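Novice: There's a structure below that I have some questions on.
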């Protein structure tokens, strides 16, 4: 393996036109690799700190020159000479250099860019694809794509409270077949929306953002689109939600569909939805601080539904350990920029899987062409990936990378399919 010779960084744009950090790492053997950092719209209060400039006269305060400078002036010089293959040592050195609990001094966006670029450089130097370098010789499982095809909440300007309505092609035989099913359903939905005179404009993650009366209307439209595309709702293509309920939680109540609801009332709502629609997964059904509500919900419906903690856990092993102890969820959403280093991300996935939980690798609403999470999904044997609709090139880039990985694996490739959702009884 080769040592790190130099680290560079620059300010680039994400899919929402906001600045983000891109890092390049040069190794002593001449290898040059780069990584770009995503950014979220609905962010958990406990996420690692995203360092922005705050200068309203430049990019409306969202510039990342401070984070770029942190890479160039502090992080780079501190890790030069380290072996690129010593990922944990590199990441721990950055954490120590930052010296804060939430990476506020150097910025999680600066640290993550370096962490991912180092991993890519090590893989490139070893002449291995990233999924193989990180996952070892047994990495061979392609994830089920959780495709967000109707956007609401913080990802769209509509009257729908739930942030994401997803389709999951669990009945397909291969990843490429599952992707095709999702694409055909997506186009079927677009035609259906047009026929009903509804808006076909896109939200941040490539899904449609029609004005609808209520959340169930979105589920009904998707079910109809699945059938019109020639697939069976439930057994071939199931449904998933990201409620992002922290966005409408205030003073101990959920302001949902025009009513103030308790955690128990939200739990009853989800139970009713699951009884009427083929739901396999609900993300952030309750708020990030409602530990008691989460534990109650998991006890009520966790045996038949995947309950995913995003804002609840923020990819943080410490918060995940608390959730495991309280039995607050049965799955974790994994976003690399929530925690800020690859090592901590992999630690969170490992802890979840050892504890009998599932893990879902996820993009952010502000993405780039970087495809790292596609490789991570295969490397960690997560069996699930959430990376938007099959539209907008920053989303499609991840799907295309998974197609390449499937092709490279050849006959060894296995599609997770229904096995990724062992609790689903439909």
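Numbering starts at 1 and runs along the chain as displayed.
Glycine too: its Cβ is placed from the backbone N, Cα and C atoms.
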Novice: If Swiss-Prot says 242, 310 bind Mg(2+), which of 213, 265, 283 does it name for the same site?
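Specialist: The candidate from 213, 265, 283 that Swiss-Prot ties to Mg(2+) along with 242, 310 is 283.
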Novice: Besides 335, 364, 365, 386, which of 163, 236 does Swiss-Prot list for that (2R)-2-phosphoglycerate site?
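Specialist: Candidate in the recorded (2R)-2-phosphoglycerate site: 163.
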Novice: Between residue 364 ((2R)-2-phosphoglycerate binding site) and residue 205 (active site, proton donor), what is the CA-CA distance rounded to a whole number of Å?
Specialist: 8
Novice: Rank the binding-site residues 163, 365 by the number of other Cβ atoms within 10 Å of each Cβ and report the first-ranked residue.
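Specialist: The residue with the most neighbouring Cβ atoms within 10 Å is 163.
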Novice: Neighbours of the Mg(2+) site 242, 283, 310: Cβ within 8 Å of the Cβ centroid, same chain, sequence order.
Specialist: 163, 164, 241, 243, 244, 282, 284, 308, 311, 333, 362, 386
Novice: Can you tell which of the recorded positions 205, 283, 310 lies nearest to residue 365 ((2R)-2-phosphoglycerate binding site) in space, using Cα positions?
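Specialist: Smallest Cα separation from residue 365 ((2R)-2-phosphoglycerate binding site) among 205, 283, 310: 205.
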Novice: Is any of the recorded positions 205, 242, 283, 310 within 10 Å of residue 335 ((2R)-2-phosphoglycerate binding site) (Cα-Cα), and if so, which, in sequence order?
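Specialist: Candidates kept after distance check: 310.
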